[in-house]
Structure formats: structure tokens, C-alpha cells
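What TrEMBL records for 17-61, 83-110, 147-232 is region 'Disordered'. Under the heading compositional bias 'Low complexity', TrEMBL lists 43-58. TrEMBL lists 83-99 with the feature compositional bias 'Polar residues'. Annotated compositional bias 'Basic and acidic residues' per TrEMBL: 197-209, in sequence order. Residues or ranges marked as compositional bias 'Acidic residues' in TrEMBL: 217-227. Look at TrEMBL and you will find 611-671 tagged as domain 'SH3'.
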Amino acid sequence: MSRSSSSSSVDDKTLLLEYRCHPVRPEPSSPICAPGKTSSTTAPNATPLSPLSSPTSAEPRRIILSTDSPAALKVGTQQLIPKSLAVSSKPKNCPSRHQSFGAIREPLSPDPKRVAVPILAVEDEDDGGGGLKRNLRNMSYRAAMKGPGAELEPAKASPSLKPVSEDGSALPNRSPGRNKRTLGRKRVQKRGGSFKDQPRLYQEIRERGLNSVSHESDEDLLEEPLPEEPSPPGAAIVVQSYRPAQVTWSQLPEVLESGILQRISPEERKRQEAMFEIITSEYSYMHSLSILVGHFMRSEELKETMTQTEHHHLFSNIGDILTVSTSFFEDLEKRHQEHPLIPDISDIVEEHASKHFNPYISYCSNEVYQQRTLDKLLTTNPLFKETLKQIERKPECGGLPLISFLILPMQRVTRLPLLLDTVQQKTNAHTAAYGAATRAVKAISKLVKSCNEGARAMERTEQMYTLQKQLEFGKKKPFPLISASRWLLKRGELLLSEEPGIFRRGAGRLCHLFLFNDVLIITKKKSEESYTVMNYATLDQVTVEKVESSDPPSPPPVKAGGHLLRVVLEKDSEGRREEVLLSAETLSDRARWMAALMHREKEKPDTIPKGDLNQVEITRAYMAKEADELSLQQADVVLVLGEEDGWCWGERLRDGQRGWFPQACARPITSRVAAEGNVRRMERLRIETDV
């Protein structure tokens with residue numbers, strides 16, 4: 001469209017506005033034309049809004065927008081007014097607003113059917129460039145809706161309609177073909193195309209390579225919003241939402257300009273995306289670690305609120321973790337900068353996992369001391385708690401709690417095998433790169449196994465030494481607790497009901513149970529750190545059954561809402577048979593105790609194929625509070641083996657660990673294809689990596 005000069009007539013500008021509002025359509029005459037009128041869309045007697053040079057001119061025919069025209073009937077009565085037609089009705093010194101849509105209930109015509117129809121109006125960000133005043137109609141639009149021949153009403157509260165400016169200062173028209181992919185690319189170009197611009201915290205992203213079925217790299221995924229779920233009060237949720245990484249490989253300016261996308265196959269593009277995602281997520285991870293070290297660990301104010309030992313237990317060797325992460329990222333970035341088409345990164349991963357990632361093992365082994373120290377400081381040290389809150393409120397920390405930063409190394413090291421597996425699956429199996437990816441997966445999986453074993457061994461050993469000091473056997477035959485093959489499955493209080501035998505005098509009292517993987521010890525609490533042993537038996541001599549409330553035995557009344565279970569000791573510490581009736585407060589508590597007491601039976605191979613079991617994806621990280629619970633990270637996939645009263649008993653697919661977790665922090669995987677793909681992937685990884 002040519003520029004309109006400043007000397008053009010107002011009629012010409014009016015024609016320009018009408019043409020921009022409704023382009024020419026080669027359609028038949030409007031059905032609203034009365035008999036006797038010509039086939040033109042305007043009446044011959046009507047005064048034209050702008051003169052035509054000649055009937056045979058190449059200028060487009062004038063089209064008047066009407067609610068009864070074919071175009072309006074096709075679109076509907078709720079229409080967006082073109083932004084280019086807007087006029088400023090607010091003072092120029094008024095602050096600009098974000099673009100928004102407001103509903104107006106002004107009648108379009110005397111037709112009562114249309115009176116209550118809401119019409120959408122647009123407010124533009126640039127007030128000087130033209131925006132619609134709230135609750136007022138644009139005059140040209142109102143005239144068009146009333147039909148041809150109507151006179152324009154003078155504006156009372158807003159300036160008259162001005163011609164569209166075609167110079168460079170005008171607001172750009174929105175292209176009808178602009179979609180999510182275009183938006184993503186324009187944002188990348190605006191930021192300079194670097195994933196290092198405005199890095200996100202690692203807690204806020206989720207790598208698409210964690211998905212075992214769909215490893216698509218389409219830019220549309222960047223705009224797909226993830227629902228935020230409210231966190232229940234008191235829940236051990238670390239991070240409540242996550243977002244995908246902000247830049248994909250195919251959006252990089254150097255990739256777009258080089259024309260690589262037209263020369264490579266879709267599978268190679270997915271492989272490039274998977275490798276690039278490891279690089280970008282490592283940078284976000286490194287960024288979060290630098291926040292942890294710079295704002296938390298090196299804070300003199302926070303250090304003064306605790307002892308040197310507590311400071312060491314809390315932060316451990318996180319400085320070494322940051323150092324190895326920085327070195328790892330620098331090697332990855334150097335490979336990426338060599339050429340837009342990344343040849344491979346598997347050799348870099350294998351090198352660092354086998355030779356430089358040992359600090360991860362030490363950090364994960366210290367997890368039990370770290371968690372216990374943080375809990376102690378938060379509950380007993382008000383100065384620490386207040387100082388920590390002030391640091392967490394800093395914009396650099398994103399309002400996230402300290403624990404969400406402390407668990408990052410565990411999260412990262414367990415996600416790397418899945419991300420590398422994605423690279424492997426997108427690599428041609430007959431190439432050297434596939435062999436390198438396989439070796440990298442094994443190296444990082446071996447590291448994860450060492451981290452898990454180190455953390456588990458440290459936790460169990462420390463736990464056994466503590467319990468050995470707390471349990472007083474008195475006249476009972478002492479039982480040696482400390483053993484490399486023994487660990488605690490569950491502990492807690494249950495109400496003791498009257499039963500014949502040794503427990504008769506304890507009826508109606510709370511007893512404290514310690515359930516290990518091979519022995520059950522029943523105690524009564526003497527103090528906060530002391531328990532007197534009432535009886536014990538090895539698990540092979542223990543049976544448990546659920547007692548339904550509809551047919552209870554005849555004990556004294558138990559706690560309101562109590563749920564009963566009967567525990568039978570076939571051979572107790574003195575070789576006698578004892579029965580005890582216990583009451584749990586909730587259904588989930590009873591189910592968890594029964595699952596723990598039947599530990600040996602649950603260790604038997606499952607008869608139901610894993611592909612037939614329900615699966616859930618973890619949407620919010622959960623930190624285990626009890627021994628029978630399962631710590632979970634965002635994007636973990638869990639097989640659901642049982643459900644009770646808002647809790648799920650499940651198996652974490654990535655390592656086979658089982659435990660309970662809140663149903664609220666997971667969402668079901670409904671696609672059978674996805675569920676079967678998850679199982680196949682985990683079975684293959686366990687065979688290939690021996691994890």
C-alpha cells in the first residue's frame with residue numbers, strides 16, 4: 001500500500017481506513033441490499049465517503065462492514081477492532097498500560113437480540129499511537145455497524161478519528177500468520193540469541209529430555225504453559241512449578257542463518273536439541289549453585305548464627321561441586337562454540353563423570369547430616385531462621401527456600417543419565433557416536449549408584465548408633481542393633497489395646513514401634529531420647545492382619561476414629577507367642593504400618609507386569625519425612641503399587657526404590673504408550689548400566 005501524503009484529502013484517508021478494516025473479497029452482492037438497488041455493496045443514492053477516480057479504476061471496491069454482511073456473519077458479532085483504527089482518548093502524560101481486553105455491553109443496534117452481546121475492545125500499549133478509551137466505541141466502527149448512508153455521530157468525549165499514519169513511526173501491523181513459533185524466535189533475537197542472557201534458576205526449569213516418549217524439540221513447546229498447583233499448607237514441597245528451558249538449539253540465530261535445519265534429518269535435529277539441552281541446563285544449574293555459594297554459604301551474617309561444625313554439615317563441599325560444574329560447563333560450551341552443528345558431547349560427559357565428579361559422592365553421603373542440621377537450626381535457632389528468611393527474600397534467590405538449593409546436586413546427578421539416554425536414543429546405532437553415548441551413560445550411572453550407596457550407608461550407620469544408645473532393654477535379653485545389613489524401615493506411635501499376656505497392663509497407652517528390615521521392637525517412651533523395650537521378635541516370626549471396625553474384638557474403647565491391626569509374635573524375645581492389638585489414627589497410617597510389617601512378602605517378585613500398573617509423574621519435589629517415605633524430584637516417574645487416604649505406595653522407576661508419597665504432588669500418566677515407553681526405558685537402563 002502506498003504512503004498517503006499530508007496533502008491528501010480526508011476522503012482519501014477515509015477510504016484507506018475502510019479498506020484496511022475489510023479487504024476486498026470477490027463475493028456476490030450483499031443480501032441486505034433492498035430491491036431496486038444495484039449489486040454494489042452501497043446504494044447508488046448514498047453519498048460516497050470518498051470519490052472514485054472512475055468506475056473502471058483499479059482501486060478496490062469500497063466495502064462497508066455490517067453485522068449482516070457475509071464477513072460479519074462468518075466471524076460473528078464479537079469482533080476485534082483493528083488496532084490501526086484506534087485513536088488516542090487518554091492524556092499523553094498518562095502512563096501506558098499493558099495490552100488488555102475489556103468487555104463492553106453497549107448495544108450495537110436497536111435489535112434487542114444484540115443488546116447484551118459483549119464487544120471486545122483493544123487498549124494499545126502506546127497511548128500516543130492510538131488506543132480505544134474504555135467503554136466507548138470507535139466512530140467509524142459504529143457507523144459501519146449502522147449501515148450505509150448513516151451520518152457519523154460527533155464525538156463527545158474523544159477526538160475525531162484520524163487518518164492512519166503510514167510512516168515509520170506507526171505501530172507495526174500484526175501479521176495474521178504470526179504464531180507461537182514466531183514469537184519464540186523474536187524473543188530469542190531480542191535477547192541476542194544466547195541462553196546465557198537472563199539465566200533461569202535450575203529449580204524453575206524442566207528438561208524435555210527427561211520425557212522418555214516424546215523428545216520433540218518443537219518451539220511450540222516453549223509457549224505451552226504448565227499448570228501451577230496450590231501447595232497444601234505444611235507440605236514438604238520444595239519447588240511448586242517448573243518451566244522448560246528458554247532457548248532451543250533450532251532457535252539459535254547462527255543455526256537459522258546457516259541453513260542447517262534444511263540440510264539435516266528430523267532425528268539429527270532431535271539429537272542436537274538433546275545435546276544442547278544438557279548444555280543449557282548445566283548453565284542454569286551452575287547459576288543456581290553460584291547463588292547458593294555466594295548468597296548463603298559465604299554470608300557472614302548467616303555464618304555468625306551457627307557453629308563452624310553446623311556450617312560444615314549444612315553446606316558440606318558445595319564449593320567443590322560448583323568448581324566441577326563450572327569446569328564441566330566450560331568444556332561443553334567450548335564444544336558448542338566450535339560449530340553450530342554440535343558433533344558430540346558424550347566424550348566430555350564420560351571424562352568428567354569418571355574423573356572429576358567424585359565430590360558428588362561426598363556431598364550426597366553428607367545428606368543425612370545436612371537435613372538434620374537444617375531442621376535443628378530452623379526449630380531451635382530463631383536468629384538463624386530470621387537471617388535465612390532475609391536472604392531468601394533477595395531477588396537473586398527467586399524467593400526459593402534454602403533446601404531447594406541444597407538438594408540441587410542430588411537432582412542434577414540423577415537427571416544426567418536420563419538426559420544422556422535421550423542423546424543415545426537419538427543417535428544412529430551404527431556410528432561411533434552411539435558407542436560414546438553408551439559409555440557416557442554407564443559412567444554417569446555408575447556415579448549415581450555410588451552417590452546412592454554412600455548416602456544410604458552413612459544414613460543407616462548413623463541411625464543404628466543413635467538407636468543403640470536410645471533403647472533400654474532392662475530385663476529383656478539385649479539385642480545387638482548395629483549391623484551393616486540392618487536398617488530402619490519405620491518408626492512411630494500406635495495406641496495399645498488390651499490383650500492377654502505381657503501387654504495387658506499397657507492397655508490404652510501409646511507404644512513406640514521400631515521396625516527394622518529383620519526385627520520388630522515394641523517400646524514405651526521414657527523421654528524424648530530414651531525408650532524402654534517391652535518386647536521384640538524377628539520379622540520371620542511376625543504376622544499382621546487388618547481388623548475391620550464392623551467386627552472388632554472386645555478391647556476397651558480405642559481412640560476416636562482409630563483403625564485396628566493385629567500383630568502376632570509367634571516367638572518373642574523369650575520364645576513365647578504374643579498377640580497385640582494396635583490402633584492407628586488414620587487409614588493411611590494403618591496401611592503404611594501393614595505395608596512395612598509385610599516387608600518380606602513385598603520383596604518377592606511382582607506377578608503383575610509393570611506395564612499394566614498405573615504411573616504418575618511428580619510435579620512438585622517432595623522430601624521424605626519418615627523412613628518409609630520416598631524422596632522425589634520433579635519429573636520423576638513412579639509406578640503406583642497401592643493407594644490409601646491421599647497417599648501412594650510406589651516404586652521410583654529410575655532406581656527401583658519404594659516408599660510412600662503424597663498423592664497431591666503427582667499427576668497420573670494416562671497415555672498407555674507413554675507408560676509402556678517409561679517401563680521399557682528403565683528396564684533397558686538397568687540392564688545396560690547395572691544400576
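From the backbone N, Cα and C atoms, a Cβ is placed for every residue, glycine too.
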What does the DSSP secondary structure composition of the compositional bias 'Basic and acidic residues' (197-209) look like, as residue counts for helix, strand and coil? 5 helix, 1 strand, 7 coil
Secondary structure composition of the domain 'SH3' (611-671) [DSSP: H/G/I, E/B, coil]: 5 helix, 29 strand, 27 coil
How does the model score the domain 'SH3' (611-671) in terms of mean pLDDT? 89
